[in-house]
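Trainee: What TrEMBL records for 1-31 is signal peptide. For C45-C125, C78-C83, C131-C332, C210-C242, the entry in TrEMBL reads disulfide bond. What TrEMBL records for D77, V80, G82, D84, S86, E98 is Ca(2+) 1 binding site. Per TrEMBL, the feature substrate binding site maps to P173. Here TrEMBL flags H203 as heme b binding site. Look at TrEMBL and you will find T204, D255, T257, D262 tagged as Ca(2+) 2 binding site.
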Amino acid sequence: MRSSTSMFSFLLISMILLAITSMVLHSTCMAHPPPLRKGFYSASCPDLERIVLRVMRDAVVRNPRNAAYILRLFFHDCFVQGCDGSVLLDDVLGLPGEKGAFPNKNFAEAFLLVDAIKREVEHVCPAAVSCADILALASRDAVVLTGGPHWEVALGRRDAVVASLKLANIDIPTASYNLSTLISIFRSKGLSVEDMVALSGAHTIGFARCFNYKERLYNQSGTLKPDPNLNVFVLRERMMVCPPIGGDGRTYPLDRTPFVFDTSYYKDLIRRSAVLYSDQVLESVALGPGMPLVNWFAGDARLFFERFSEAMTKMGSINPLTGFEGEIRRNCRLRN
Ligand code: HEM
Ligand SMILES: *[C@@H]1O[C@H](CO)[C@@H](O)[C@H](O)[C@H]1NC(C)=O
Ligand SMILES: *[C@@H]1O[C@H](CO)[C@@H](O)[C@H](O)[C@H]1NC(C)=O
């Protein structure tokens, strides 16, 4: 009798312990989905990186601007809900995607390119690789193909099933933001001031449209005057391209070498000839007295490349969906 009671209580206690352990395990699993890691697809899709690079190389040869489109698209993905491919979702009835957001209006070609990469990847590794990871890899390749650094991309992102038009209009910084606003947006994404200055070096490739730099030429912060921090020689040149009224779509290269990933962007900031107001304000950033970041990056490509790669890894790790979260989209434009 005694022994069966103790047997019973032993069983009861064991069952309670087991239940608690599994609850704890379950909740830690939920609270800590697995981190991104290098080589995530080495078994499930060993050719992945070769495929992405091949399609990207063809695309950049066809139109060098494609490198810039893809790199910017990745930034816009990561800053809205995290790097979850949400920016790639098309509008569906009643559920607007992020494509209609003001900063996302110039990406038609980039979306087609992501589709093309995804098609090739699906052909070889069906239903294995997320659109979010494809965009992360394509961005690294965009940098490499224009002469920038190579880094190993941590992978294992999964795709969001929802997008947020509202956040896309809030979380993506615009060219008229001042330094303190830019710093606080990057901070809110877990990125430091140094990360921000390094990441803005992405503007070493690509172009801006007139409406994004017009205010600097004619009416900086409502003063009805040009930005005093704009070199007068480049001011004249830009006024010819970008008139006070109209011409909103006319483009201007973001630095002297818009197809080459180099330090010219930072050199242009020092000459006060950045195109965007949000770029020129970075010139004053210092890590401490006598530690001007922009001057350092301008004079040392290796340092810039190293910091840029690190910051891209950090940006690429903003709120990813991993483990059992999200899904592997079959078509980057639609949830499964
Ligand atoms: C610091 C905050 C940033 C602001 C305010 C900003 C704003 C802008 C604006 C207004 C344009 C011009 C778009 C157009 O007129 O079509 C642009 C272009 C671009 N941005 Fe940024 N950006 C920022 C950071 C970044 C980051 C972190 C990246 C990537 C890591 C990036 C990558 C690019 C690229 C590659 C282009 C050229 C795109 C093209 O040629 O169409 N930007 N950005
Ligand atoms: C920066 O812009 C924000 C929002 O427009 C404004 O509240 C703030 O006063 C500005 N900061 C500086 C230093 O100009
Ligand atoms: C100049 O900018 C201010 C505010 O930024 C705006 O209210 C004003 O209408 C602008 N003036 C012109 C002539 O564009």
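A Cβ is built for glycine as well, from the same backbone N, Cα and C atoms used for every other residue.
Automated prediction, rather than curation, is the source of TrEMBL annotations.
Looking at the shown structure, can you explain where the listed features end up?
Mentor: Taking Cβ-Cβ distances under 8 Å and a sequence gap of 6 or more within the same chain, the neighbours of C45 (disulfide bond) are V121, V124, C125, A128, V129.
Look at V80 (Ca(2+) 1 binding site): DSSP puts it in coil.
Other Cβ atoms within 10 Å of the Cβ of C83 (disulfide bond) number 28 in total over all chains.
Within 10 Å of the C-beta atom of C131 (disulfide bond) sit 30 other C-beta atoms, taking all shown protein chains into account.
Sequence-distant neighbours of P173 (substrate binding site): residues of the same chain at least 6 apart with a C-beta under 8 Å from its C-beta are F79, T181, L182, I185, S278. Under DSSP, P173 (substrate binding site) is assigned to coil, being neither helix nor strand in the three-state scheme.
Non-local contacts of H203 (heme b binding site) by the CB criterion (under 8 A, 6+ apart in sequence, same chain) comprise L254, D255, Y265, V275, L276, D279.
All protein chains shown were included, and the count of other CB atoms within 10 Å of the CB of D255 (Ca(2+) 2 binding site) stands at 24.
DSSP assigns C242 (disulfide bond) to coil in the three-state reduction, outside any helix or strand. All protein chains shown were included, and the count of other CB atoms within 10 Å of the CB of C242 (disulfide bond) stands at 24.
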Trainee: Inside 8 A of the center formed by the CB atoms of D77, V80, G82, D84, S86, E98, which other residues of the chain have their CB, for the recorded Ca(2+) 1 site?
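Mentor: Residues close to the Ca(2+) 1 site, other than D77, V80, G82, D84, S86, E98: H76, C78, F79, Q81, C83, G85, V87, A160, A163, S164, L167, A168.
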Trainee: Since the record lists S86, T204, T257 as binding-site residues, which of them has the fewest other Cβ atoms within 10 Å of its Cβ?
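Mentor: Looking at the binding-site residues S86, T204, T257, the Cβ with the fewest others within 10 Å is that of T257.
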Trainee: List, in sequence order, the same-chain residues at least six positions removed whose CB sits under 8 Å from that of D77 (Ca(2+) 1 binding site)?
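Mentor: Listed in sequence order, they are C83, D84, G85, S86, V87, L88, A132, L135.
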Trainee: Between G82 (Ca(2+) 1 binding site) and C131 (disulfide bond), what C-alpha distance do you get in Å?
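Mentor: About 13 Å separate the Cα atoms of these two residues.
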